[in-house]
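> Grabbed the feature section from Swiss-Prot, which reads as follows:
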- Lys180, Arg195, Gln202, Tyr260, Asn351: RNA binding site (BINDING)
- 433-452: compositional bias 'Basic and acidic residues' (COMPBIAS)
- Thr279: phosphothreonine (MOD_RES)
- 1-403: region 'Ncore' (REGION)
- 1-375: region 'RNA packaging and organization of the helical nucleocapsid' (REGION)
- 1-36: region 'Homomultimerization' (REGION)
- 373-391: region 'Homomultimerization' (REGION)
- 404-525: region 'Ntail' (REGION)
- 418-525: region 'Disordered' (REGION)
- 477-505: region 'Interaction with the phosphoprotein' (REGION)
- 70-77: motif 'Nuclear localization signal' (MOTIF)
- 425-440: motif 'Nuclear export signal' (MOTIF)
Amino acid sequence: MATLLRSLALFKRNKDKPPITSGSGGAIRGIKHIIIVPIPGDSSITTRSRLLDRLVRLIGNPDVSGPKLTGALIGILSLFVESPGQLIQRITDDPDVSIRLLEVVQSDQSQSGLTFASRGTNMEDEADQYFSHDDPISSDQSRFGWFENKEISDIEVQDPEGFNMILGTILAQIWVLLAKAVTAPDTAADSELRRWIKYTQQRRVVGEFRLERKWLDVVRNRIAEDLSLRRFMVALILDIKRTPGNKPRIAEMICDIDTYIVEAGLASFILTIKFGIETMYPALGLHEFAGELSTLESLMNLYQQMGETAPYMVILENSIQNKFSAGSYPLLWSYAMGVGVELENSMGGLNFGRSYFDPAYFRLGQEMVRRSAGKVSSTLASELGITAEDARLVSEIAMHTTEDKISRAVGPRQAQVSFLHGDQSENELPRLGGKEDRRVKQSRGEARESYRETGPSRASDARAAHLPTGTPLDIDTASESSQDPQDSRRSADALLRLQAMAGISEEQGSDTDTPIVYNDRNLLD
């Protein structure tokens with residue numbers, strides 16, 4: 001048996017191990033297409049600001065081809081460094097594209113104010129054609145989808161500080177798009193707006209240079225469809241992280257935005273580790289979780305072997321990302337989601353509608369959190385030197401805190417309760433039909449008698465005993481239906497008062513002409 005277990009562990013490790021690169025074969029290269037990237041040919045701030053202005057106009061042109069749009073975006077992304085050409089050549093290693101750098105300098109003879117640097121060759125016409133200044137129709141179209149403030153005609157500046165602020169504002173809006181361009185483009189607008197408000201409050205961006213929605217949609221769609229552009233952006237992030245010492249302000253802002261980009265598309269894997277394993281609830285000892293715990297261990301080792309590109313595997317379209325999906329550990333993932341919904345209010349908005357979602361293990365996670373509230377881990381307490389008296393004090397405080405949190409009914413536990421009017425009879429209520437209808441009426445009658453004879457506390461227990469137990473919970477309402485025992489008791493008392501008042505009103509209905517209306521304050525006081 002011991003040999004079998006060792007073989008099983010070795011099999012799991014080798015199964016999830018990435019392929020070993022061998023030196024016998026060469027690298028597989030695809031059919032490359034050429035991307036032209038304009039870069040400043042001198043150190044003048046005027047040249048850089050004018051190039052930035054022309055590239056922003058170019059991206060807003062709806063007639064721009066995909067490779068040309070990618071080259072313009074790469075040119076903008078590399079404008080904040082001192083030598084953009086060296087940066088692009090150092091970090092670019094793409095088997096699908098071949099990048100050609102074109103140095104741009106100022107020119108008074110071209111309509112765009114720029115020309116391509118060359119030795120004795122007039123390149124003004126080519127520069128105007130590239131920046132779409134040869135056709136007046138396309139020139140007018142290039143102004144659409146630019147800044148929300150229509151009073152801004154251009155962004156050419158002379159001082160480095162002003163240029164860095166404008167460039168940083170534009171770059172922040174581009175980098176934020178990468179966070180959900182691949183994983184959730186339909187719901188990206190709200191999170192992008194929150195990031196924009198954050199950086200505006202921190203004075204990292206200038207609010208007047210907010211780009212139009214259509215311009216941002218064009219860039220988001222290009223990021224989503226062009227893997228080469230995403231490879232360049234990830235390589236630039238990693239290059240900035242490797243830079244020692246103090247970094248430029250724009251580089252620090254890119255690293256800050258990276259916190260929203262990193263591990264995009266890996267929420268199931270990360271949250272399962274966070275809520276399913278790190279919480280260390282005793283439910284992990286179930287036999288059902290043994291195989292999936294071994295799978296998660298292998299995936300964590302594989303994640304570390306992938307190195308610095310592991311958090312970006314979904315953005316880089318790495319085929320190994322499928323191993324990290326929740327379908328590889330459905331029971332443990334369902335349990336972790338139940339734990340997460342109880343511990344964090346932000347988890348209540350997640351979509352659990354997956355084919356492999358198991359409501360039973362979801363409720364197991366919820367119940368595990370509720371019944372373990374206020375308990376102190378003996379292992380952790382011994383490591384921290386917490387005495388038994390301190391542990392009891394912590395448990396008491398934690399229990400009061402949990403009760404206060406439940407009484408406020410925050411997050412996914414908040415349920416909507418509809419109250420009856422005095423003139424509404426049982427015949428007007430929605431009919432369940434058959435045995436369920438008779439069961440509900442019987443439970444109501446028993447609850448009223450129990451309330452009148454024994455009081456609200458024992459009546460609530462009698463009502464709880466007649467609750468149906470065979471009905472499965474809906475996925476979206478699982479967290480609302482399962483309440484804490486004390487919270488359920490309060491709700492039961494309130495509903496029993498409601499039913500009692502409704503019964504009294506039915507008996508007095510013939511004597512009174514005006515129906516009695518009860519609100520929540522009268523019922524719950």
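Backbone N, Cα and C define each Cβ position, glycine as well.
Since we're looking at a predicted model, the values are computed, not measured.
Tell me about the surroundings of these features in the structure.
Secondary structure from DSSP puts Arg195 (RNA binding site) in a helix. Counting only same-chain residues six or more apart in sequence, the Cβ atoms lying under 8 angstroms from the Cβ of Arg195 (RNA binding site) belong to Ala172, Val176, Ala179, Ile257, Tyr260.
Within its own chain, Thr279 (phosphothreonine) has Val339, Leu343 as residues 6 or more apart in sequence whose C-beta sits under 8 angstroms from its own. Under the three-state DSSP scheme, Thr279 (phosphothreonine) falls in the coil class.
On the 0 to 100 pLDDT scale, the region 'RNA packaging and organization of the helical nucleocapsid' (1-375) averages 87 in the predicted structure.
Same-chain neighbours of the motif 'Nuclear localization signal' (70-77): 35-39, 51-52, 55-56, 58-59, 64, 84, 88, 97, 99, 167, 170-171, 174, 219, 222, 226, 228-229, 232-233, 236, counting only residues six or more beyond its ends whose CB sits under 8 Å from a CB of the stretch.
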> Reported in the order helix, strand, coil, what are the DSSP residue counts of the motif 'Nuclear localization signal' (70-77)?
8 helix, 0 strand, 0 coil
> Counting by DSSP, what is the helix, strand and coil composition of the region 'Homomultimerization' (373-391)?
11 helix, 0 strand, 8 coil
> Listed RNA-binding residues Lys180, Arg195, Gln202, Tyr260, Asn351 - what's their greatest C-alpha to C-alpha distance in Å?
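Largest pairwise Cα separation, rounded: 32 Å.
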